[in-house]
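Data first, discussion second: the structure below is written as structure tokens.
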Amino acid sequence: MTQDINAAASGWDEARPTARLILADGTVIEGRGLGAEGVAAGELCFNTAMTGYQEILTDPSYAGQIITFTFPHIGNVGVNEDDLETVNASGASGVRGAVFAADVTDPSNWRATRGLDAWLKARGIVAIAGVDTRALTALIRDKGMTNAVVGHAPDGALDDAALKAALDGFPGLEGQDLVPLVGATQRYDWDQGSWGWPGHDAPGVYGKRPDGAAKRVVAIDYGLKRNILRLLTSAGCEVTVLPATATAEDVLALDPDGVFLSNGPGDPAATGDYAVPMIKGVLEKKVPTFGICLGHQMLALAVGAKTAKMKQGHHGANHPVKDVDTGKVEIVSMNHGFAVDRDSLPATARETHVSLFDGSNCGIELTDRPAFSVQHHPEASPGPQDSHYLFHRFVELMDRGSGDAGRGSK
Ligand SMILES: NC(=O)CC[C@H](N)C(=O)O
């Protein structure tokens, strides 16, 4: 049955839909197609951020997903070369599709180099506009993230059999290791710092690593975002990125002051084959370690904890998270569909951060090793900068060197 989840003011021709979104429960939503033509199946999630659609669409953690934007006007500021989060040159983030409320109009912004429609097309992202994304989000809220398929045919010739076959063929994210789709395949070095504003009408400039002794950091790429690398650099780190398949020996051969475990897509429990032994090897040597999102989940798995699929997950840029040590609440960027089960944490790991939306675990620290990690995205991009302090906490941990187990052990 076709549901009336269509935005009235979107301007598409209801008699001639050029895109169709079908959910696993059979719900059919029609609209105007944009971006890539064809069919794409994935897990449908919603993101509540009001800005930063380009960073969201290039965040490799979204591989295998179709993103519903709850903010109604997406595309107004176009896209540019600075707001890419994907590190790999192709810009392929693995995002399958996008769902918008209002039609995407021509960009109006001094930074824009291209319109969103053409950019989505170039990246193979199939999109649909004219959807009541509030109603769709309420549906996902009630039923949980669901598998879905989106099809776009400019002539309106949408092939329901092909859509259904793609939907049936999509295995879902649970049990999926998607890191090989988006992670680096080769070692590389990174030395670009944070982007800054020189003035409202001049191009932005990237910072440099501050003068002084640099910390040598090996970053493991499960689907890294550029702003993580930039903030590590700006915090004084000399960063070498290694592929996710790097072994503990590969990492330790570079004699790092610290190891960073990145964000990334898919099910953490399915990513363990190569990741967990590497992390265990690094922890054994007491090398200071910091993890973000998938990196947080992998650190937890490496010490014997468990992760579980969430119902709607957390995808937005205004989530309140409490640092349980300081009592401070930080407003953070979130993007995850799995979470660490706090009850499964070993005695040597303590919870440091908690989501104030649903009480789920958002951070841990090991008490016998110099290692900590957070579920949220302190690099934001998009999002608030409240959690940038964590990059400095990592540097402080490296300053103390191996063997110091962090704040919780003192
Ligand atoms: N942003 C991330 O690193 C996401 C981690 C993991 N893929 C999840 O969905 O929970």
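Backbone N, Cα and C define each Cβ position, glycine as well.
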Ask   = In TrEMBL, Gly264, Gly266, Leu294, Gln297, Asn335, Gly337, Phe338 are given as binding L-glutamine, so which of Ser61, Ser93 is in that site too?
value = Ser61
Remark   = Reading the DSSP string in three states, the entry for Gln297 (L-glutamine binding site) is helix
Message = Tell me which of the recorded positions Gly264, Gly266, Glu379 ends up closest to Cys293 (active site, nucleophile) in space, Cα to Cα.
response = Gly264
Key: the domain 'Carbamoyl-phosphate synthase small subunit N-terminal' (17-151) - residue tally per DSSP class, helix then strand then coil   = 26 helix, 45 strand, 64 coil
Ask   = Can you list, in sequence order, the residues of the same chain other than Ser61, Gly264, Gly266, Leu294, Gln297, Asn335, Gly337, Phe338 whose CB lies within 8 Å of the CB centroid of the L-glutamine site?
value = Asn263, Pro265, Asp267, Pro268, Cys293, His336
Task = Write out the long-range same-chain contacts of Gly266 (L-glutamine binding site), meaning residues 6 or more apart in sequence whose Cβ is under 8 Å from its Cβ.
result = Ala63, Gly64, Leu173, Gln176, Asp177, Leu178, Val179, Leu294
Query = What is the pLDDT of the region 'CPSase' (1-215) when averaged and given as a whole number?
reply = 91
Request  = For Gly337 (L-glutamine binding site), just give me the three-state DSSP call.
outcome  = strand
